[in-house]
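Noted in TrEMBL for the protein shown:
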DOMAIN    21-170  domain 'APS kinase'
BINDING   Gly29, Leu30, Ser31, Gly32, Ala33, Gly34, Lys35, Ser36  ATP binding site
ACT_SITE  Ser103  active site, phosphoserine intermediate
Amino acid sequence: MIAPQSFTVAREDRELLAGHRGRVVWFTGLSGAGKSTLANALEVALHRTQKRTYILDGDNIRRGLCKDLGFSDADRVENMRRVAEVARLFVDAGMLVLVAFISPFRAERQAARELFTPGDFLEVFVNVPLAVAEQRDTKGLYQKARSGALAHLTGIDSPYEPPLAPDLALRTDLLSIDACVERMLTLLASSQGTMPAIARPVPAPHSRCESDRAPLP
Ligand SMILES: Nc1ncnc2c1ncn2[C@@H]1O[C@H](COP(=O)(O)OP(=O)(O)O)[C@@H](O)[C@H]1O
Ligand SMILES: [Mg+2]
């Protein structure tokens, strides 16, 4: 068993520096539902108001951190576990991290949620009927899957389990991108609580780390 090491500068100190809390917005939905589009639009809106943001996007993460993983159920579970742990580090860094991952399984989304303090994890269900996602076919994946050239595509021959109680559900075939962003900004604002006006002084460094600063939960 490895004992956690604690450090002097804590999450709260980083949040005070940023002027906002760390949160994860977790986008789930079919390929083509609009996860990347909405993560991008939300990040632009947040960045313009000087929030500290980062996007973890499924396709990009699969080119690096998770490039050893495929699309079997077991690999999808490991893919989600890794990105959830990375998102947890970003939240501890005091940032607003936007995770755009199909994340098809309810149990794995729940496992991701449980890594966070309640209120830190905001699940956004990017919801479109399969027929709409398939018609958009932004990456040509549905056509490939229908022709038999691609296996394990979520919604076709791999299951998608829709969230039962997401923090926000957005029908991207019915709402404009701007309307979706407005709703996400409202959700994020209501998740922020109040920030202390004055930063708590960070203790001077000692030869040993402060033991009163809790490590990650
Ligand atoms: N309200 C909306 N929100 C998000 N995407 C939308 C919306 N309306 C239309 N779209 C379009 O749907 C497509 C979604 O693709 P993408 O964001 O790559 O999906 P995903 O990342 O979920 O696979 C884009 O072409 C986007 O322009
Ligand atoms: Mg995407």
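Cβ coordinates come from backbone N, Cα and C, glycine included.
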For the domain 'APS kinase' (21-170), jot down how many residues DSSP puts in helix, in strand and in coil.
60 helix, 28 strand, 62 coil
Which recorded positions out of Leu30, Ser31, Gly32, Ser36, Ser103 lie by ligand 1, going by a Cβ under 6 Å?
Ser31, Gly32, Ser36
Among Ser31, Ala33, Gly34, Ser103, please name the recorded positions whose Cβ is nearer than 6 Å to ligand 2.
none
Integer Å distance between the CA atoms belonging to the residue listed as 'active site, phosphoserine intermediate' and Leu30 (ATP binding site):
9
Around the ATP site recorded as Gly29, Leu30, Ser31, Gly32, Ala33, Gly34, Lys35, Ser36, what other same-chain residues have a C-beta within 8 angstroms of the site's C-beta center?
Phe27, Thr37, Ile102, Val126, Val128, Ala133, Thr172
How many Å lie between the Cα of Ser36 (ATP binding site) and the Cα of the residue listed as 'active site, phosphoserine intermediate'?
13
Long-range same-chain neighbours of Gly34 (ATP binding site), Cβ under 8 Å, sequence gap at least 6?
Val126, Val128, Leu170, Thr172, Ile177, Cys180
Gly29, Gly32, Ala33, Lys35 filtered to the binding-site residues whose C-alpha is within 10 Å of the residue listed as 'active site, phosphoserine intermediate':
Gly29
Neighbour tally for Gly32 (ATP binding site), based on other Cβ positions within 10 Å of its Cβ:
23
For the domain 'APS kinase' (21-170), provide the mean pLDDT of the predicted model.
96
Which residue, of the recorded positions Ser31, Ser36, Ser103, has its CB surrounded by the fewest other CB atoms within 10 A?
Ser36
